[in-house]
């Protein structure tokens, strides 16, 4: 099959969080078109089993391939942890997850070989970052810490707030005590409270944002395979957004974090895929 | 169809929260058997559309009826708001929701006719409590306030915690300013932070716990229709728990709030119903 280099990039997440990844792709690959799918009917994935998350991911990939995408970015940490290996080999287009790129940079940047990972209960419990990091450098010690209140705090919009600072202080103290010099923001929502995390962790700790690193990895991959968009096929809606439920609330959150207003959001029945 | 008075009561919720309702049924109707279903694969319902919640509720009722229940309690506020009317008429056994009983008591107890309702974004946004209360007494003014951080705070176990007190202060100030004398805890998780809510609201405000009121309504209904259990059919597992995903985490939460250890939790594929 000949794949069109001007085809869009498919990005999916369990909900709105993956928009931080879409945002980095928009910033770093401004000529690329994007089809985003947020599985708002079945969010969150973090509390679901591996089998369920793999099944959901296959349905979404099926939908994205119908949209003729040239590559797929799994912008959800849980889906990257549970489904990437399973689905990557089934596809004839590249499929990237958000965990690999972040782990690679963390392994390169850590000096004292003590890397912290924060994320949802599901992501941290999966040990997936540790598995990636240990493969890159067996000497690295990984300290994981689940921060379940961060996502609802971000969704409440309390980004710069004493409550969020207090919660961050409590969650992150253990990582400071254990002297990590590098911290992976292992949940797509967390870049939105990066400044609070920075304040609590101090200036010396390197914060790794996998959304940004994944966008760079995608850029490298498209360059190497000669698949960067020519930028010549203009479209009225270069960014298209699909959700499985409640398109309006999605739009509101999207408009609050993206640099422009989302024009087109469409609800689809993902169970049919 | 002859219904067995020693049959169990079906209770369902989008997840673990409805266990506070099951707990009140256990306390107030100790001879009754219970089949509980927690839709942990598709939690939360609060962000889902009416049609989706009705479809989910029908599937669960189908499952519970296969377990030969004699009555069904919808222990989820969102499902009570969206699905109760639709499913009640389809069934030959009684179906109760958690909203009616709480609204009834609030309407009886309020003196200044100013009733507050706290719950998820979905429940408060639905205006369902207001509709019930206005039908009971058109003079009542209803002040709704969504408190999205309460559920994750409860699930984090921060029940008596300065962070929870600060969040409660922030959420509840508006209700205090508007001088409510009665407050409905319109989310199944909230009875678990009742003492924090009490502390913030003060001693004079009447807190209505719909879980408790629903158990009493069920008791009345079973008495009136001569359907109270005879208590003579002993069973090894009078309380059975089913979930749609991750049975272990459910069990952990259940054990933390129920007065005994949950022995039997089974995962079923609810999409098949």
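Along the chain as shown, the residues are counted starting at 1.
Quick reminder: no glycine exception, Cβ is built from N, Cα and C everywhere.
Please treat TrEMBL annotations as automatic predictions, because they have not gone through curation.
Mapped onto three states, the DSSP output places residue B:45 (substrate binding site) in coil. Residues or ranges marked as substrate binding site in TrEMBL: B:13, B:14, B:45, B:46, B:77, B:78, B:188, B:189.
Residue B:76 (active site, proton donor/acceptor) counts 33 other C-beta atoms within 10 Å of its own C-beta, drawing on all protein chains shown. As annotated by TrEMBL, active site, proton donor/acceptor applies to B:76 (among others).
The secondary structure of residue B:187 (active site, proton donor/acceptor), as reduced to three states from DSSP, is coil rather than helix or strand. Annotation for residue B:187 (active site, proton donor/acceptor): same-chain Cβ neighbours under 8 Å, separated by at least 6 residues, are B:17, B:77, B:118, B:119, B:120, B:123, B:147, B:150, B:151. As annotated by TrEMBL, active site, proton donor/acceptor applies to B:187 (among others).
Across the binding-site residues listed here (B:14, B:77, B:78, B:188), the residue whose Cβ sits among the most other Cβ atoms within 10 Å is B:77. If you compare every pair of Cα atoms in B:13, B:14, B:45, B:46, B:77, B:78, B:188, B:189, the residues listed for substrate, the longest distance is 14 angstrom. The Cβ centroid of B:13, B:14, B:45, B:46, B:77, B:78, B:188, B:189 marks the substrate site; residues of that chain outside this set whose Cβ lies within 8 Å of it are B:15, B:17, B:18, B:43, B:44, B:75, B:76, B:79, B:120, B:123, B:187, given in sequence order. Of all Cβ atoms in the protein chains displayed, 23 besides its own lie within 10 Å of the Cβ of residue B:46 (substrate binding site).
The most densely surrounded of the binding-site residues B:13, B:45, B:189, judged by C-beta neighbours within 10 angstroms, is B:13. When secondary structure is read from DSSP and collapsed to three states, residue B:13 (substrate binding site) falls in the strand class.
In three-state terms derived from DSSP, residue B:78 (substrate binding site) belongs to a helical segment.
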